[in-house]
Amino acid sequence: MELNKSNMKNLALLIAFGIVFFMVLKNLYLLPWLINSVSNIIGPVLAGFAVAFVINVLLVPIETRLFSPLNRRYKKVWPKTRRAAGIFLSLVIVFGLIALIMLIVIPELVRTITNLTNNIQPFFNELQNSLAKIDRDHPEIAGYFKNLNIDWTNLSQMIAGYGQKFASSLVGSSVSMMGMIFHGAISFVLTFVISVNVLAQKERLYHQVKRVMYAYLPQKHADSVYHVLHLTNRAFSNFIAGTCTEACILGSLCFVGMNLFHFPYALLISVFVAFMALIPILGAFFSTVFGALLILIVNPIQALWFIIYFVVLQQLEGNLIYPRVVGSRVGLPALWVLVAVTIGGNAFGILGMLINIPVCSVLYTLLRENVNKRMRRPKEQPSPDPK
């Protein structure tokens, strides 16, 4: 190979890349620390963009639909104030919903804790009587436990010791906890300010990114990247809207069913179920455990019936409601929604379950467009056989 100026430049770049790649492999153990450090630095920025993206799902219909009469009536003045009014109304709705949920949940939570406090002692008395009855009616079971040679006194002292250590650790970590609260408050303020600024200047940011993309990429590649980003934005926006809709449907069905079957704590458990519905798979498990434990203190038989009821409701939600509501929003058939959740959960856990549905929606749309494009091509004429 002739060593001209162009080849020397390419060779130098290749050697530099090799050195960097070798150093990365050599210090790969520092990768978790590096990721953690970078996330601590740019975490509020990323969180601000994420919050802005979520609120934008609410902001867009407010500006285009709710403000539609004002857009036509005040064409000169309204466009200058529409964005500020839309952001303000979106934040009022979000914080209003949070406040409304707290106003509903907190009194119910206080009442639940009061009932649990009043019922916990009768529950243990009844449990003790049941165990005594088992001991009396089934001595073979009592003999089995006696043969285990469990030192219950030592076990209770051990549990009490762990409780004292836990309490002392809480007291000892109060200073660090205050620091975490202060850091969390600062991060919340920064995230809020960044999200509001992103929403206020989203068109400007969009045009800046588009200009940079078309400046550094060929026209064909820039068009492809722009198309993929457009599909990604639409898929994630529809996924957020669909997931919130599905959570509201599941919470409402849970509330109606629990009142229909006279389960206690219907409102508190239903609100918890609606929030946990935002977490695929594990959310249902947490909801079942939470509801069953609350009802167990009041009525153990009802707790068992609640588990059966919620399993049936979860099957209905997971196989019928979720694929149709979320799948119709993101443009993904119900079967592929289940496949996306399964693959994403097995590969990346809870985060994979959440992200894989819109990602698969984008891939599904791109594949469908490519297939349709190929099907529209004129078929090649077969060459005649030589005689």
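Just so you know, glycine gets a Cβ as well, placed from its N, Cα and C.
Noted in TrEMBL for the protein shown:
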{"type": "TRANSMEM", "residues": "12-35", "note": "transmembrane segment"}
{"type": "TRANSMEM", "residues": "41-62", "note": "transmembrane segment"}
{"type": "TRANSMEM", "residues": "83-106", "note": "transmembrane segment"}
{"type": "TRANSMEM", "residues": "180-200", "note": "transmembrane segment"}
{"type": "TRANSMEM", "residues": "239-261", "note": "transmembrane segment"}
{"type": "TRANSMEM", "residues": "267-286", "note": "transmembrane segment"}
{"type": "TRANSMEM", "residues": "293-314", "note": "transmembrane segment"}
{"type": "TRANSMEM", "residues": "334-367", "note": "transmembrane segment"}
Contact between the transmembrane segment (334-367) and the transmembrane segment (83-106) is defined here as three or more C-beta pairs under 8 Å separated by at least 6 residues; is that satisfied?
no
Dominant neighbour of the transmembrane segment (41-62) in 12-35, 180-200, 239-261, 293-314, 334-367, by Cβ pairs under 8 Å:
180-200
With pairs fewer than 6 apart in sequence excluded, do the transmembrane segment (180-200) and the transmembrane segment (293-314) have three or more C-beta pairs that lie under 8 Å?
no
Other than its close neighbours in sequence, what residues sit by the transmembrane segment (239-261), given a CB gap under 8 Å and a spacing of at least six beyond its ends?
53-54, 57, 267, 269-271, 273-275, 277-278, 305-306, 309-310, 313, 316-317, 321-322, 325-330, 357-358, 361
